[in-house]
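Feature list (source: TrEMBL):
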- HIS188: active site, proton acceptor (ACT_SITE)
- GLY12, ALA13, GLY14, GLY15, ASN16, ILE17, GLY18, ASN106, GLN113, VAL130, GLY131, ASN132: NAD(+) binding site (BINDING)
- ARG93, ARG99, ASN132, ARG163: substrate binding site (BINDING)
- 7-146: domain 'Lactate/malate dehydrogenase N-terminal' (DOMAIN)
- 157-319: domain 'Lactate/malate dehydrogenase C-terminal' (DOMAIN)
Amino acid sequence: MQRQRVNVTVTGAGGNIGYALMFRIASGQLLGPDVPVALRLLEIPSGLRAAEGSAFELQDSAFPLLREVLVTDDPVQAFDGANVAILVGSRPRGPGQQRADLLEGNARIFGPQGAAINAGAADDIRVVVVGNPANTNALVTASHAPDVPADRFTALTRLDHNRAVAQLAAHLSVPVTSVRGVAIWGNHSALQYPDVSHATIDGRPVRELVDEAWLVNEFIPRVANRGAEIIAVRGASSMGSAASATVDHVYDWVNGTGHDWTSAGVFSDGSYGVPAGLVSSYPVRSLGGRWAIEPGLAVDDFSRARINTSVAELQAERAAVSALGLLGPRESA
Ligand SMILES: NC(=O)c1ccc[n+]([C@@H]2O[C@H](COP(=O)([O-])OP(=O)(O)OC[C@H]3O[C@@H](n4cnc5c(N)ncnc54)[C@H](O)[C@@H]3O)[C@@H](O)[C@H]2O)c1
């Protein structure tokens, strides 16, 4: 029996990740093979034609689960009744632009979207921010949606997690299914910390199977800078893998992670020394439709230093948007 229809809003739908995402959503991979979906595609006016063309293609695919596609440049319309919101559309860093300009330009996008989510989204809304700087964009969005529980706002670090799993599997010549217990901590940036302290390969600790030099000099920088590597080789940023990780994130959030944890940017509750109120990546499990930070993991000195460095970047980003007056009522309350 088919379940109730789910309204999924995708912003930046005329862009690259948006294009890769929408066919997977419409085919049932985001939520499950028995869940009908209605898509709301949000763009700015210059991206509307691309989104409209994609909507034609969705129609031509005759997906059995796809009930409706709406294309709009109005955030209020796009988020009205939304159950899942995937915030991809963002402002890229321009030539010579400082990080502060990037933060400001994006906060001016994500603030109004948070307000629109607050005003009209469904009670069970779940938000994942993909557009960079993803963690701080998620923080800004949530700050403008004070009536929505903070745990409904997340940032995508599943791509980093998947990259870490895949790099370990390739290095040790095992299938990715042999790898468990990887974690991404902190910011989705080059200062993220891909952590293998608790990771195992077919039950054996990764730390016994790889040498320290490989971990420090190759694995960590490769995972953290993989986005730049893709751009250098491909001539464009990751699209298919970003869309795939987004599907993984939402699917697990809604359907549960089972016996393994994964990684996601969620609001800190102060766990592991990350100041409460930052959106930081953690090892998380989804239980009963909610993300829970994995408790009780030992953090050694090496990991502590890496987590602290990444969290300091998150704090600087929050301070920058706060100083610009771009945080909403949740933060100033
Ligand atoms: N978190 C991650 O793991 C991850 C991975 C890859 C890329 N990204 C980020 O995802 C974002 C999108 O990447 P892309 O390759 O799809 O870029 P893109 O430039 O192809 O598409 C972005 C789209 O967003 C639209 N847009 C801009 N402002 C908007 C707004 N206010 N409302 C709605 N739409 C708006 C643009 O018109 C454009 O069509 C970038 O910020 C990128 O850095 C994140």
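The count begins at 1 with the first shown residue.
For all residues, glycine too, the Cβ spot is worked out from N, Cα and C.
Unlike curated entries, TrEMBL annotations are predicted automatically.
Quick caveat, the model's predicted, so the values are computed rather than measured.
Overlay of TrEMBL feature records on the structure.
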residue	record	DSSP (3 states)
GLY12	NAD(+) binding site	coil
GLY18	NAD(+) binding site	helix
ARG93	substrate binding site	coil
GLN113	NAD(+) binding site	helix
GLY131	NAD(+) binding site	coil
ARG163	substrate binding site	helix
HIS188	active site, proton acceptor	coil
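Confidence in the domain 'Lactate/malate dehydrogenase C-terminal' (157-319), given as mean pLDDT, stands at 97. Those residues noted as binding substrate (ARG93, ARG99, ASN132, ARG163) have their most widely separated CA atoms at a distance of 25 Å. Classification of ARG99 (substrate binding site) by DSSP places it within a helix.
Around the Cβ of GLY18 (NAD(+) binding site), the same chain contributes VAL10, THR11, GLY12, LEU41, ALA51, SER54, VAL88, GLY89, each under 8 angstroms and 6 or more positions distant in sequence. Around the Cβ of ASN16 (NAD(+) binding site), the same chain contributes ALA236, SER237, MET239, each under 8 angstroms and 6 or more positions distant in sequence. Across the range of the domain 'Lactate/malate dehydrogenase N-terminal' (7-146), the DSSP-based residue counts are 64 helix, 26 strand, 50 coil.
Using a 10 Å Cα-Cα cut-off from HIS188 (active site, proton acceptor), the binding-site residues that qualify among ARG93, ARG99, GLN113, ASN132, ARG163 are ASN132. In this structure, GLY12, GLY14, ASN16, GLY131, HIS188 are the recorded positions from GLY12, GLY14, ASN16, GLN113, GLY131, HIS188 whose C-beta falls under 6 Å of some atom of ligand 1. Residue environment of ARG99 (substrate binding site) contains 14 other Cβ atoms, counted within 10 Å of its Cβ in all protein chains. A simple Cβ count within 10 Å picks out one of the recorded positions ARG93, ARG163, HIS188 as the most packed, and that one is HIS188. Closest in space to ARG99 (substrate binding site), of the binding-site residues given as GLY14, GLN113, GLY131, is GLY131, taking the CA atom of each residue.
Same-chain residues at least 6 positions away in sequence with a Cβ under 8 Å from that of GLN113 (NAD(+) binding site) are, in sequence order, THR11, PRO75, PHE79, ALA85, LEU87, THR141, HIS144. Here ARG93 (substrate binding site) is positioned 11 angstrom away from GLY131 (NAD(+) binding site), judged by their C-alpha atoms.
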